Amino acid sequence: MSSTLAPRRAPKLWWNLLGLLVFVTAGFPLYWMLNTAFKPAKDAIDPDPSLLPTGITFANFGRALDIADFWGPVGRSLVVSLAVVVIGMAVGLLAALAISRFAFRGRKIVIVGILAVQMVPLVAMIIPVFLLLNDLGQYDRLTGLIITYLTFILPFTVWTLRGFIVNIPKELEEAAMVDGCSRTGAFLRVVFPLLAPGMVATSVYGFIQAWNEYLYALMLLSQKNQTATVWLGNFTTKHGTEYAPMMAGATMMAVPIVALFLLVQRKMAAGLTAGAVKG
Amino acid sequence: MSAADTTTPAKVPPPRQAPPPPADDLPRVRRPSGGAAIPWLLLAPCLLVLAAVMGYPLARLVTLSFQKFGQSQLWGFQPAESVGLDNFAKVVGDGEFWAVVLRTLVFAAGAVVFTMVIGMALALLLQRVSGWLKVLINIVLVASWGMPVIVATTVFKWLFDSDYGVFNALLSKLPGVEMIGHNWFASGPEGLAVIMLLVVWGAVPFVVITLSAGLTQVPKELEEAARLDGAGSWGVFRYVTLPVLKPIIVMLTTLSVIWDMGVFPQVFVMRGGHPEPEFQVLNTYSYDRAFVVNDYAQGSAIALITVLLLLGVVAVYMRQMLKIGEVE
């Protein structure tokens, strides 16, 4: 055994070196965004940039906030994303329950339908959606954007929640019903608490997707109603691009979203059943 | 959904599925009052919303592509009249369209192959590095996965800036290479290579994390047995790991094809909202026809052709998902 261990040590070092290289390469764009955001603007336009930080300044963030209204777009993005998530969760949860807890004729067709809807590329839909909202007088309205976003949030929500519900043992519900709960009561007292973490994770995920959407936000809203993702385009004008403030803006956009994503990623991966049987 | 879609790897259920329960475990119907009506009542709001926001525009996309629909129809000066297959004939008869199709296919194929190969290699590498490094790499992967596409595109634009971009500066440090001032977007292939790098960088984390989860499910006994039978590392990978991972790989590949064929914001934003002819891929081309040339009907026809092109891939993906959906 010891003889097989010894030669395994050396390769480990090489694997680690390779891993380190991957870490540096994959992380470099992130690092460079932060590095540029915090460096003095004059150091940013150096043909031979220093790879290490040259000093920390917040001036770029100030400039980024000045260049175009920042809080208006952020507020609009918040309104749209929250509305989409709330409607999507309410409607999606009912549908997820139907396809995961009931056997009925047509169940399979519904599942196929929901999966198929997910696969229709949004870009292909922009033309009819644009014409439709134009006809309904919903162009340049947040409500139009909210309704549109439901097309991709809803199927995703149904499918993900379905996964979480399936993982909650049916026996728990049945036990509650044997003890005298109604079906609704069993759901509210037993399933719902167990489903809550999954619902939170799904909501946050949906929120991120709605927040990140670009094309529809660009096409369906005018300049004065732009959302956060579109706001990032303000740094490029006819006179060129202000890169250091743009990276500061990118940082402001990315950090909250990446933080949320890091949080949820673990929740989405963690199984629910571990706590369920105990709890 | 591709606009955000390239960032939305979340369209997949968590890769780890519950162990397949016995087949009779399909949702048992308890029939209190109401019976079969209940699931449909629960589904009704969802189906109504989808029919309204998805069904109608989808139908309109189809009808639109058989009509004449330009500026004057948009403003209502003229009614939209049916022109049969004219739009399709015009699109198919246009040499530029075929160049765009070819470019999209080559781009998507390249992006998918790189994403899958690098993703697989990284997933295997993650099994072999020390614990602390694994944590570090995972953090970077999840962070880059979570980056909004628009932000990532903006950052890459800066990395590859011709005068002040750090990439050119780094290349110039190599002996005999002088790249400062080199414009990566002066030529289509070079620019698309940069965009492909951006797409791959954004797509690899999802593949690595999903495959890593899958790798933990490869039974150790099988690997041991293969080794005892004399298989080398490659043999174990080829005859044990790959077959076990196959369902996940099929799912990831089909999803990648769908996303990479539908690449839009990366090209659009990278080229400042006006991709040059040598940067046009199917989606930007359709957008261009509709909103720049103001021929909404032709744009719809192109979008419809794109959807049809993807149909085969989608079918494979759906079959795989249904297999997963069945074991519950």
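Even glycines carry a Cβ here, placed using N, Cα and C.
As written in TrEMBL, here are the features:
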TRANSMEM  A:12-34  transmembrane segment
DOMAIN    A:74-264  domain 'ABC transmembrane type-1'
TRANSMEM  A:78-97  transmembrane segment
TRANSMEM  A:109-133  transmembrane segment
TRANSMEM  A:145-165  transmembrane segment
TRANSMEM  A:186-208  transmembrane segment
TRANSMEM  A:243-264  transmembrane segment
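Between the transmembrane segment (A:186-208) and the stretches A:12-34, A:78-97, A:109-133, A:243-264, Cβ pairs under 8 Å are most numerous for A:78-97.
Using the rule of three or more Cβ pairs under 8 Å, pairs at least 6 apart in sequence, the transmembrane segment (A:145-165) is in contact with the transmembrane segment (A:78-97).
Long-range Cβ contacts of the transmembrane segment (A:12-34) within its own chain (Cβ-Cβ under 8 Å, at least 6 residues beyond either end) map to 247, 250-251, 254.
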